[in-house]
Amino acid sequence: MTEKTAKRFVLMVTTGLVAISCFCPRTQATLSSSNGPLKDTFRGLFFRIANEHLTVPSVKQLLNSSVEACAELCVKETEFECRSFELDNVHKTCHLHRKNHEDDGVRLEPGTGTDHYRTNYVKQFSRIVNHVITLRHNRKLPSITVEECARSCIYEMAFQCRGFDYDHENTICWLTELDAQSAGGLRQFNGVDCYEKIPVGIRSQFINYGSGRLRNLPGGNVYNQVRLGLSLEECAQLCNDETTFHCLSIDYQFSEHGCYMSEYIAANVYGLETGLVRGVMHFEKIETYLQFFYPTPYAVLLGNNHKKYSGVTPNYCARMCLQEDGFICRSFDYQIRDGTCLISAKTGSDIGGLYNQGMAQIHHFEMKPFLECGGELKETKGTIASPNWPRNYAPHQHCEWRVTVPEHKVVHFTFIHFDLGLQTSETCADHNDRLVFSEILQPGNQTQIYCTQPNTKKWISKTNVVNVTFTSDVVGDAPGFRLFYSAEWPCNAELRQDQGLFASPNFPENYMSSSRCSWHIRAPPRHQILFRIHYFHLEPHPRDICSNRFDYVAVYDGSSNSNKRLGIYCGARAPFSLMSTGSNLLVEFSSDPQGERKGFNATYHFISNYEIPDENPSTRKPSEKLPEVTQTTTKKPDESKIVIQFVPKDEKEIVNPPKSDAVSKTDSQIQEAGGGDMTWIIGVALVALLIAVVILIVVIIYRRRKLPKEPKDERRQTRNQDRYLYSGENVTLYRGDSESPYDAPADETAAMQPYGERNENIYESIPELDKKNSFNNPIYGKEKANMANGEPSKGSK
């Protein structure tokens with residue numbers, strides 16, 4: 001490989017053209033991984049063969065190296081084509097090779113403390129059996145392996161290689177610049193497999209099942225929505241964003257750019273139609289657990305299955321493989337027609353390859369290696385595994401994860417597998433491979449450390465932040481570990497913070513049957529505990545009489561159930577509160593084998609004895625009713641003050657705290673001192689009001705005398721006629737001169753117009769008026785206008 005070619009490949013790696021991120025399950029960021037970029041990017045391009053080394057000498061060496069550093073050096077090598085490397089774990093020395101174990105005259109031999117890493121570029125491509133991308137390729141490369149074909153596509157300089165077709169029987173490789181979108185869809189072709197670069201973006205969230213479409217259901221349509229004129233990426237994005245239904249698959253028709261979205265997958269409709277279908281491809285959304293696997297449609301791991309499940313979906317099958325604790329599950333085969341799941345401890349590389357099933361709809365899924373070594377995990381549930389899981393981890397590993405869940409919750413860790421090889425009785429000793437949990441406890445900031453034992457199945461934290469540290473020694477390896485974690489409400493906990501929140505197990509989902517939890521709330525001396533239930537829904541009891549025979553919550557005024565019981569509760573209840581008499585309160589929850597409900601959630605906080613009344617509301621009847629902290633104003637003839645009290649909802653009784661004589665005397669003195677001032681203020685206000693009334697009367701009398709007197713005849717003749725306060729000129733400020741305010745006949749409109757705008761004949765019926773008065777009266781606006789122009793009106797003589 002030339003230096004120019006090598007540099008171009010390095011650029012492709014660093015800019016993401018090579019989809020290295022596909023090695024790090026995107027879902028591991030959802031379920032288990034750190035939110036940032038993965039550290040082991042270059043390590044993911046290689047496959048580890050433990051305790052083996054090549055029989056030929058290396059070309060270049062690097063001292064004091066790690067697996068990741070050595071992998072990066074091999075990828076970025078420009079002086080020669082680095083096809084493999086070895087790491088001496090004892091001396092931390094990296095050896096780069098231009099050959100691998102598949103070359104003539106080269107083989108692997110045992111070597112304790114040294115691991116061989118060969119390139120694994122083929123995992124950069126998604127494989128579909130018995131399909132081709134195109135029949136017109138850019139380059140043909142005979143007599144090479146599929147790994148060499150993948151490497152040739154990545155290193156290609158003459159054109160941008162997007163995939164290749166490979167004939168396994170004749171070992172022929174065809175490189176192409178086309179992908180499924182630009183080629184108009186994949187074609188079925190027996191005996192040849194297509195390898196398309198794993199896409200980035202939205203298409204990376206879908207599995208490509210090649211040519212085919214969903215089968216029609218009898219009497220129904222399998223498609224929820226059809227859109228035309230969309231690209232494949234737009235179709236995938238539309239399905240991913242769909243909210244009116246749960247879109248799980250798309251069939252894409254290339255000739256008309258048709259997007260057919262459905263809530264069904266192939267397993268729901270007994271498989272795909274593949275026989276006479278051309279130009280249509282089927283894609284299914286990668287669900288939660290499938291994101292941990294590489295899919296290989298139309299291939300099977302023949303005769304190496306260890307457990308079988310029937311009538312399940314592919315996502316459920318993936319979950320069963322991940323959670324299998326009887327053996328390390330590394331792959332599974334899924335039969336579409338019957339929904340059959342076959343999980344296995346082997347992969348295709350363990351048995352020499354997968355078996356070609358033709359177009360029989362059996363698909364193979366291989367677990368992706370867990371490549372992360374540490375990170376920040378802030379999801380409420382996820383998974384952590386040793387590096388390279390499900391294969392053995394390498395020596396010299398030191399990984400740190402920090403798990404943070406919401407406040408007031410704790411972290412439940414469940415181990416699926418745990419095997420760190422031979423260990424001494426001191427599991428925390430430096431010479432052992434070890435997995436350590438640590439957290440900081442309050443109060444006092446004490447650090448609690450737990451070293452995982454070989455038989456550990458579960459571990460529960462006491463806080464919401466936990467550090468998980470894995471360390472391996474210099475030599476040797478082991479299968480490692482896989483665990484799942486989840487954020488849960490604390491159970492059987494001692495609560496010492498001045499306020500907090502807790503709930504029944506699994507809240508707000510239904511609690512599990514046969515559950516028992518207790519919470520001991522411990523306050524400092526001379527404090528009491530206000531306990532409040534915000535939501536409560538348990539199994540109802542016969543005749544609404546709560547007992548410990550069914551699901552119940554009991555509250556005790558002390559640190560054990562031998563203390564006085566404040567109440568026992570069941571069924572569905574409105575929010576309520578209780579107050580302890582001392583600094584301890586015990587809450588117990590129990591469920592029977594059936595009748596689960598949502599449960600309850602509650603808060604508490606500590607109250608100093610100086611902040612509460614002497615009388616304790618928890619001793620009143622009924623004790624199980626809700627006391628609320630309210631503000632009540634108590635008024636008497638000689639005093640007025642605000643008192644904080646506890647008021648029960650049902651009885652509405654007010655418990656007044658004892659009132660001291662000193663306080664009452666002080667209030668009386670204040671009111672007596674202020675009485676004279678108040679009388680003086682009221683007197684001044686009354687005098688001011690009287691003066692204002694007199695001034696108003698004088699103004700009204702003065703205005704009435706200044707108004708012109710209307711002749712008696714006019715008052716007599718026009719008293720029943722409308723009087724308009726504004727002339728026509730004023731009205732036209734708000735509408736056009738020719739615009740009528742109503743859609744009425746002409747005669748009605750004229751009758752409703754102001755005098756100044758009516759027909760001039762109307763003035764003939766009005767007696768002659770004093771010109772001075774008529775000029776000053778706004779009712780006669782038109783006469784005013786005419787006289788101003790020197791023209792007498794028709795009504796004047």
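Each residue, glycine too, has its Cβ placed from N, Cα and C.
Curation does not apply to TrEMBL; its annotations are automatic.
The annotation signal peptide is assigned in TrEMBL to 1-29. Per TrEMBL, the feature domain 'Apple' maps to 24-121, 122-199. If you look up TrEMBL, you'll see 373-488, 491-607 marked as domain 'CUB'. Here TrEMBL flags 613-635, 709-797 as region 'Disordered'. Marked as compositional bias 'Basic and acidic residues' by TrEMBL: 617-627, 709-722. The feature transmembrane segment is assigned by TrEMBL to 678-702.
Counting residue by residue with DSSP, the domain 'CUB' (491-607) contains 3 helix, 58 strand, 56 coil. Long-range neighbours of the transmembrane segment (678-702) within the same chain, counting only residues 6 or more positions beyond its ends whose Cβ lies under 8 Å from a Cβ of the stretch, are absent. Across the domain 'Apple' (24-121), DSSP helix (H, G, I), strand (E, B) and coil residues number 20 helix, 29 strand, 49 coil. Looking only at the domain 'CUB' (491-607), the predicted model's pLDDT averages out at 92. Helix, strand and coil content of the domain 'Apple' (122-199), in residues and according to DSSP, is 13 helix, 27 strand, 38 coil.
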